[in-house]
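Notes for the one structure printed next.
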Amino acid sequence: MVGGLTHVDEKGVKMVEIGYKDVVFRKAVAKGRIKLKPETVKLIKEGKIEKGNVLATAQIAGILAVKRTPELIPLCHPIPITGVDITFDFGEDYIEVTCEVRAYYKTGVEMEALTGVTVALLAIWDMVKAVEKDEKGQYPYTRIENVHVVEKVKTHNSQ
């Protein structure tokens, strides 16, 4: 281990050995926010975005991202996920996305939750590009921000 990093030693980069760990209930919750024009948030709530159902698309994208996290983050272990929930809270000029991931396994699921929330936010951006662009084709208001883990659980039961 180099400087307290579990993925690096004197031989280089490695995937951490977890074979000796017990299988326990794991949960992680991550949140993030996309700032949008108030008019865009209203259109999403009313289901009037021409490209399609923004929230359903974001949910599917987030769930797929959770399942593919070890393909995107090189040193993540493939984890048998037991459940994923992607939910939304609305403000006047933003949508906050929450991704909750659950599993019974030997290592945590926080990277999966972070990946899920980030890709869900990116999917929202993709779905609303046409209404968020200004006259020069730029996105002066649109921002993805504050992606973070809000809860991490490790317990020998699911409560």
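FYI, residue positions are counted from 1 along the chain as it appears here.
Each residue, glycine too, has its Cβ placed from N, Cα and C.
Feature list (source: Swiss-Prot):
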ACT_SITE  Asp126  active site
BINDING   Leu75, Cys76, His77, Met111, Glu112  substrate binding site
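Cα separation, Met111 (substrate binding site) to the residue listed as 'active site', rounded: 22 Å. Under the DSSP three-state reduction, His77 (substrate binding site) is assigned to coil, being neither helix nor strand. A count of other CB atoms within 10 A of each Cβ picks out Met111 as the most crowded of the binding-site residues Leu75, Cys76, Met111.
Cβ neighbour counts within 10 Å, taken over all protein chains shown, single out Glu112 as the most crowded of the recorded positions Glu112, Asp126.
Across the structure, His77 (substrate binding site) and Asp126 (active site) are spaced 29 Å apart at their Cα atoms. Taking the centroid of the Cβ atoms of Leu75, Cys76, His77, Met111, Glu112 as the substrate site, the other same-chain residues with Cβ within 8 Å of it are Thr69, Pro70, Ile73, Ile79, Thr107.
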